[in-house]
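Here TrEMBL flags 5-195 as domain 'Glutamine amidotransferase'. The feature L-glutamine binding site is assigned by TrEMBL to CYS80. Per TrEMBL, the feature active site, for GATase activity maps to CYS80, HIS190, GLU192. Residues or ranges marked as active site by TrEMBL: ASP238, ASP399. Per TrEMBL, substrate binding site is recorded for GLY328, ASN464.
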Amino acid sequence: MSVYLLDYGAGNVRSLLNAVNKLGYDIISVKEPSDILKADKIIFPGVGAFGCAMDALVAKGYVEPIKQYIASGKPFMGICVGMQTMFEGSDETPGVKGLGIVPGIVKKFNSDNKAVPHMGWNEAELLKVQPKDGQESFGINPSTVYYFVHSYAVPYSEALKEWTFTTTQYGDEVFVSSIQRDNVFCTQFHPEKSGFAGLRILRSFLSGQTNFDDKEILYKTPTPGHDCFTKRIIACLDVRANDMGDLVVTKGDQYDVREKPDGDSKGDVRNLGKPVELAKRYFEEGADEITFLNITSFRNCPLGDLPMLEVLRRTSETVFVPLTIGGGIRDIVADGRTYSALEVAGTYFRSGADKVSIGSDAVYIAEEYYANNRVPTGKTAIETIANAYGAQAVVISVDPKRVYVNSPSDTTHHVIKQSTPGPNGEEYCWYQCTVKGGREGRDLDVRQLVTACEALGAGEILLNCMDKDGTNSGYDLELIADTRSAVRIPVIASSGAGRVEHFSEVFEKTGVEAALAAGIFHRKEVPIAAVKEHLREKQIHVRGVDLTL
Ligand SMILES: *[C@@H]1O[C@H](CO)[C@@H](O)[C@H](O)[C@H]1NC(C)=O
């Protein structure tokens with residue numbers, strides 16, 4: 001049997017290849033239109049914008065062969081934008097025609113009372129019920145959650161009944177989260193990023209054992225009030241080389257990663273484990289995402305030799321949740337040539353990253369944006385990467401520190417009232433953005449940074465706080481709540497977690513979508529499982545650990 005991957009060159013297909021290989025199958029990339037009709041099975045993953053995906057299919061001459069292949073009755077599976085292209089069109093790119101296999105138009109989520117993109121884990125409710133109910137069909141288990149990342153979706157309607165396999169509710173909207181009819185099966189979520197629960201879906205497609213009989217379907221309608229979107233727990237690994245040249249995960253206090261020199265210790269880099277092994281451990285313990293940060297990325301280095309690329313390649317063989325990489329995502333000069341930030345990001349995506357995180361450079365980009373009267377140039381790293389790979393692929397990592405003031409009129413910056421006064425009794429502070437790993441403060445506050453980056457197309461905010469980092473005293477709730485209310489994209493709380501209660505507190509008091517921690521996970525002070533158990537007790541919906549294949 002030959003399984004083909006229909007790849008139009010956008011995004012991270014390595015995870016999908018790794019998932020298929022792990023299940024014991026080989027997969028070949030489609031190189032030319034005639035390959036499509038040679039396939040016995042096709043998987044078509046997609047990321048980025050609808051228009052880019054369709055333009056690529058047209059330019060490569062794939063449209064007619066895909067339609068012929070589907071008409072031939074051979075199994076076809078689309079993922080995310082790969083599913084959206086099955087429809088007639090999308091509001092994301094009006095005027096660009098989809099493949100038109102399924103009637104309907106893909107619409108944008110409203111962000112009235114929820115963050116957009118819909119980024120995270122959510123349930124898929126089976127609407128084509130079988131008499132032998134209670135079992136997985138197409139590997140889909142209605143009581144587990146899958147990883148979604150998209151701003152556009154097809155709203156569910158009765159008219160789509162014949163095609164709708166599952167629906168998912170996000171806030172007040174119910175959308176089609178997978179479609180199935182005859183030989184076509186597509187998911188809006190990413191099975192290759194949904195842990196072992198997702199791998200079971202891929203295996204069902206690859207083996208043909210779908211446990212689904214299309215002569216015995218009972219059609220259901222979506223259960224009202226069924227929003228099962230979960231809060232995400234993210235493990236973060238600060239990676240650098242130690243003095244022996246080995247890659248280690250490290251963690252500093254207020255960004256200082258060296259041991260205090262005393263006695264025998266000469267101030268070595270703190271070694272908290274090896275990145276690939278640690279990432280695998282966190283995946284198995286139930287982390288919903290893993291972030292790698294290159295904390296020595298301000299130097300230049302030949303692009304192809306970055307050790308982080310190898311970390312990503314090896315991690316994506318065993319870790320089937322989203323991976324983010326931060327550090328060094330900017331234009332770089334190496335080996336006598338310049339690589340654009342877009343090329344650097346593309347290299348990371350091809351190595352297995354799903355998102356890139358931009359830190360210092362986002363500050364410079366925002367400064368330029370304001371200097372230029374808020375007119376986007378279209379040339380920044382944020383814009384170029386978001387255009388090619390989608391907003392969800394661009395995370396802005398914010399590293400602020402507090403500047404205390406007595407009254408809001410003491411500064412032009414956006415101030416936040418503090419529940420605990422500053423060292424001289426100050427009741428307010430503004431949060432100053434820093435660059436170069438926290439070494440230099442700039443004349444830009446967090447609110448200015450995040451609103452500029454959102455306007456330029458970033459898809460998520462990773463919000464640190466230098467005053468809280470390494471303190472184990474809890475997240476900076478005032479800063480996080482204030483930032484959460486300033487943007488419509490998802491916000492990840494970071495810096496300060498020391499106990500399980502800090503996680504429930506940040507979700508309850510700020511409404512953020514995700515919480516990140518590093519040191520307490522590395523040192524095994526607070527296991528991820530304990531965090532999730534505590535959140536469940538607090539009635540906060542989280543993903544369970546599922547390691548059955
Ligand atoms: C981090 O970035 C620097 C500068 O590009 C590079 O020298 C170093 O090898 C990178 N580290 C990893 C783990 O990729």
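Just so it is clear, glycine is given a Cβ too, placed from its N, Cα and C backbone atoms.
Note that the coordinates shown come from a computational prediction; the quantities given were computed from them, not determined experimentally.
On the structure: features taken from TrEMBL.
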| residue | record | Cβ neighbours (10 Å) |
| --- | --- | --- |
| CYS80 | L-glutamine binding site | 26 |
| HIS190 | active site, for GATase activity | 25 |
| GLU192 | active site, for GATase activity | 28 |
| ASP238 | active site | 25 |
| GLY328 | substrate binding site | 25 |
| ASP399 | active site | 29 |
| ASN464 | substrate binding site | 26 |
(request) Taking a cut-off of under 6 Å between Cβ and any atom of ligand 1, tell me which of the recorded positions CYS80, HIS190, ASP238, ASP399 pass. (result) none
(request) Please report how many Å separate the Cα atom of HIS190 (active site, for GATase activity) from that of ASP238 (active site), as a whole number. (result) 26
(request) Check the Cα distances from ASP399 (active site) to each of the recorded positions CYS80, GLU192, ASP238, GLY328, ASN464 and keep only the ones within 10 Å. (result) ASN464
(message) Which secondary structure state does DSSP assign to GLU192 (active site, for GATase activity), in the simple three-class scheme?
(response) helix
(message) Distance check, please: Cα of the residue listed as 'L-glutamine binding site' against Cα of ASP238 (active site), rounded to an integer number of angstrom.
(response) 30
(request) Going by DSSP, give the three-state secondary structure for GLY328 (substrate binding site). (result) coil
(request) Pop the mean pLDDT for the domain 'Glutamine amidotransferase' (5-195) in here, whole number is fine. (result) 94
(message) Cα-Cα, whole number of Å: ASN464 (substrate binding site) versus ASP238 (active site)?
(response) 13
(request) Using C-alpha atoms only, work out the spacing between GLY328 (substrate binding site) and ASP238 (active site) and round it to an integer in Å. (result) 13
(request) May I ask for the distance between ASP238 (active site) and GLU192 (active site, for GATase activity), taken between their Cα atoms and rounded to an integer number of Å? (result) 25
(request) In three-state terms from DSSP, label ASN464 (substrate binding site) for me. (result) coil
(message) According to DSSP, does ASP238 (active site) sit in a helix, a strand, or coil?
(response) strand
